[in-house]
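If you check Swiss-Prot, you get these features:
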COMPBIAS  359-381  compositional bias 'Low complexity'
COMPBIAS  395-418  compositional bias 'Low complexity'
CARBOHYD  76  N-linked glycosylation site
CARBOHYD  83  N-linked glycosylation site
CARBOHYD  86  N-linked glycosylation site
CARBOHYD  196  N-linked glycosylation site
CARBOHYD  228  N-linked glycosylation site
CARBOHYD  235  N-linked glycosylation site
CARBOHYD  242  N-linked glycosylation site
CARBOHYD  268  N-linked glycosylation site
CARBOHYD  280  N-linked glycosylation site
CARBOHYD  292  N-linked glycosylation site
CARBOHYD  305  N-linked glycosylation site
CARBOHYD  329  N-linked glycosylation site
LIPID     419  GPI-anchor amidated asparagine
REGION    359-418  region 'Disordered'
SIGNAL    1-19  signal peptide
């Protein structure tokens, strides 16, 4: 019986090996692309019309005016169309799979690219396509997508895509809308410097590692529940942010320089693993919509001309706090009460409004005596200036303040230690402001 089993197993291995050899050898040599081959005319592409599968990296360039790759269903390698400055259109509508990357780059008069059957590709790069108006595909699987410096008005070629590693869309000045059914983003979702009326819709997205939005007009993330790393909104024309299902942000949460922003709605958000930064949003008079936020793992930094800050459920800030309003109507009472109870655990606590300031230096002894503090409080009647975070000021402040944050799994952040005597008069930049640099640099 054992002998029969051994013979059967050996026969199966031999059959599998022969099948693999047969499969490999079934691809004719004419369908194998040499390492330095470049197609510069349609006749070069026609040579592959009898191939179901191409093996190698296909590069297209030169003086080709219109191009078509007919009948090929699979490329075991990459497809690159580069610097074909006379090319106006390209089609490969039989192509279903590219094991490596699809690259369309520096095609100055290309108006359309059609890959109607393409379902699987490792990465897509559409870069410097100033005349393109349409890109067609049926992508269901892609790890990385980069779309930069094109004239696309909408991104419609990814309507079947459910998961992605990187989705980066930047510097597409005519872009007005992006709507995607993506459900998970394992690395980063980034939109920046596109058309100033761009609308972003990712209503099926449930989880993302990192999201960064810059120069966006409106956003919709109806089902987003968790951000493993950071979430940032920098310099947008958004009027409201509604993320009612979001409950956890693993690291930094930044809302900076959104002049038209008036409303926040993060009613289910309970934990921020890193810092919370809300700064220089000139239209945001009342900062609310954070009703269930209980824990901030880093520092709390809020700067602007707001009249109220509602953080009623907040129990713990593991870093320091720097809250400064230009409005004389803003009250520091709630934050001072939280600090006195030991809820703000960092070395510094600064709260200012247009009429007064409260600054506290915590003694080193306090950290070893169950959060008992020795505090020196100074008050001033001079008017507070709204901080303007220029790159020069931020970098200078950053050298005086450092913030460490653990990985996405632990999601913790500690405030800077060292010479942190925060007894700054109103209008003087405190070292904690340096935190904003690290935040902006980390998400851009």
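Note: Cβ is positioned from N, Cα and C throughout, glycine not excepted.
What Swiss-Prot annotates, mapped onto the structure for a quick look.
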residue	record	DSSP class
76	N-linked glycosylation site	strand
83	N-linked glycosylation site	coil
196	N-linked glycosylation site	coil
228	N-linked glycosylation site	coil
242	N-linked glycosylation site	strand
268	N-linked glycosylation site	coil
280	N-linked glycosylation site	coil
292	N-linked glycosylation site	coil
305	N-linked glycosylation site	coil
329	N-linked glycosylation site	coil
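Minimal Cβ crowding within 10 Å, among the glycosylation sites 86, 305, is found at 86. Separating the Cα atoms of residue 268 (N-linked glycosylation site) and residue 292 (N-linked glycosylation site) is a whole-number distance of 6 Å. Taking each Cβ in turn and tallying the other Cβ atoms within 10 Å, the top scorer among the glycosylation sites 228, 292 is 228. Looking only at the glycosylation sites 76, 86, 235, 242, the one with its C-alpha closest to residue 228 (N-linked glycosylation site) is 242.
Cα of residue 86 (N-linked glycosylation site) to Cα of residue 76 (N-linked glycosylation site): a span of 27 Å. If you compare Cα positions, residue 242 (N-linked glycosylation site) sits closest to 292 out of the glycosylation sites 235, 292, 305, 329. The shortest Cα-Cα distance from residue 280 (N-linked glycosylation site) to any of the glycosylation sites (76, 83, 305) is found for 305.
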